[in-house]
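Q: The structure under discussion is supplied below as structure tokens; questions concerning it will follow.
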Amino acid sequence: MNQLEMKKLAAQAALQYVKADTIVGVGSGSTVNCFIEALGTIKDKIQGAVAASKESEELLRKQGIEVFNANDVSSLDIYVDGADEINPQKMMIKGGGAALTREKIVAALAKKFICIVDSSKQVDVLGSTFPLPVEVIPMARSQVGRKLAALGGSPEYREGVVTDNGNVILDVHNFSILNPVEIEKELNNVAGVVTNGIFALRGADVVIVGTPEGAKVID
């Protein structure tokens, strides 16, 4: 079974958490694209969705699913998103697709965060296999980079990428994140940082892992 098939298994399994007549929070990325496709099969059951990226909005509309603005929704029953890494405490690194800020906004609206991944995304320590994305106001890129280097990381400017919010991304390599909650807070207090890709203050409630043996639910 290849990686895409495992992603599809996890995405399909997430449908069990979708309740009738609700608005579903939807993240972004390749695994979420599989979920949007699956959600299209039950589109008549739901009111619509709030999306964390423009790409996800477009895919939802292609499936015939109504897209709501986050400002028009007071809460969401569930938020479904993928992860670049996830640890045993259900804390994540996200932002490989540069949608981390909007993902945090939509996740904060949700009563339950469902994280869908394939088994390659599971790690013991965040930062083990994937650099930490940090969304930065463009004029602060250099000074934030110096601060990240002083904290022990190796920041790299993600060339040619502008977020949906008009900002830039620094990917921090060689950054072992042993205390995700504290590091998430510390980095978010750096002047010029919009947010960072650690999802620890608001981690996942349920993790669905696509494996060669099927979808495994961790709650």
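If you go along the chain as it appears here, the first residue is 1 and each next one adds 1.
From the backbone N, Cα and C atoms, a Cβ is placed for every residue, glycine too.
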Q: Looking at the substrate binding annotation from Swiss-Prot, with S28, G29, S30, T31, D81, G82, A83, D84, K94, G95, G96, G97 already listed, which candidate in K8, K54, K121 is the matching residue?
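A: Between K8, K54, K121, Swiss-Prot records just one in the substrate site with S28, G29, S30, T31, D81, G82, A83, D84, K94, G95, G96, G97, namely K121.
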Q: By Cβ count within 10 Å, point out the most packed of the binding-site residues listed: K94, K121.
A: K94
Q: Show which residues of the chain containing S30 (substrate binding site), separated from it by at least 6 in sequence, have their CB under 8 Å from its CB.
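A: Expected: L4, K7, G82.
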Q: Pop the Cα-Cα gap between E103 (active site, proton acceptor) and G96 (substrate binding site) into the table, whole Å please.
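A: Rounded to a whole number, the Cα-Cα distance is 12 Å.
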Q: List the Cα distance (Å, whole number) between D81 (substrate binding site) and E103 (active site, proton acceptor).
A: 8
Q: Let me check the 10 A CB neighbour count of D81 (substrate binding site). How many other CB atoms are there?
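A: A 10 Å sphere around the Cβ of D81 (substrate binding site) contains 29 other Cβ atoms.
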